[in-house]
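Feature annotations, courtesy of Swiss-Prot:
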- 111, 115, 307: Fe cation binding site (BINDING)
- 134, 135, 136, 137, 138, 167, 180, 184, 279: substrate binding site (BINDING)
């Protein structure tokens, strides 16, 4: 039963947590949203500098909230890939320093594996095998979860990730950053059937469409053309209806692919991870479809959908219990397929 101090700095949240297997003792998140809103997206250098300023206060607060000290910690973990290089380096450098100082083993964690483990934190009885729909700002993936560190990629996006599409469409609608929660909020008072938008489908060379891969560039372009047409006609933007129609199309597309994949692979359980997992339309459509097909579907609580260190600690605890440790020589990586997770361990 390992107690892990974990650090997550892969993008624009400085996060520190203390977890014991699947129990959260503390989960501190310092968001940088306000800093990046001015730029309409994450600025890597700004993110790195802010991580440097907030990492120590977050570490202190994590111990205070958990009411623990260093003698209670068995291992130290940090996200090592994928992510922004400068941002990752802040968290990993802090974790390695603490590992040496307090003589604790270091566990490097794959960010996407962390999102998978967010479901374990809210569903203690969840066990592989299951299908994970991982939808975030940088990824849209259908992952066959076979065991700790053992994954098969069944579907992915060919262009924009779902979260990225939300941000881009939000800009088209003259909304702020981050786009996901703002579009969701606007959609609550909009008509999801006001506009017919194309679902993202990926053509195969031999004909037909890939059953599990996604594409959101065409959907984004369709919204752009609608906006341009309305502006040319000097009409006001029906922002709420556009937001609802866009969100409905994304949710419907992801639901179809996820259910098809689960049925094709005889997987009876679906877990959802990533920030887009907080989207109300996706939760509604996927829950309804799963019930119709006698499948179980698990969504983490909203606070565990977005980046946090508790999910990193949960993944690290599982690796710790299996004797998987990372050398201090390990570096950070901007990209690393989740199928190569075990390369992080000796």
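Numbering starts at 1 and runs along the chain as it is shown here.
Glycine is treated like the rest: Cβ placed from N, Cα and C.
Proximity of residue 115 (Fe cation binding site) to non-local residues of its own chain (separation of 6 or more, Cβ distance below 8 Å) is seen for 132, 134, 136, 273, 274, 311, given in sequence order. The Cβ of 138 has fewer other Cβ atoms within 10 Å than any other of the binding-site residues 138, 180. Cβ neighbours within 10 Å of residue 111 (Fe cation binding site), excluding its own Cβ and spanning all shown chains: 24. Residue 180 (substrate binding site) falls within a helical segment according to DSSP.
Long-range Cβ neighbours of residue 279 (substrate binding site) (same chain, at least 6 residues apart, Cβ-Cβ under 8 Å): 180, 184, 247, 250, 251.
Residue 134 (substrate binding site) falls within a strand segment according to DSSP.
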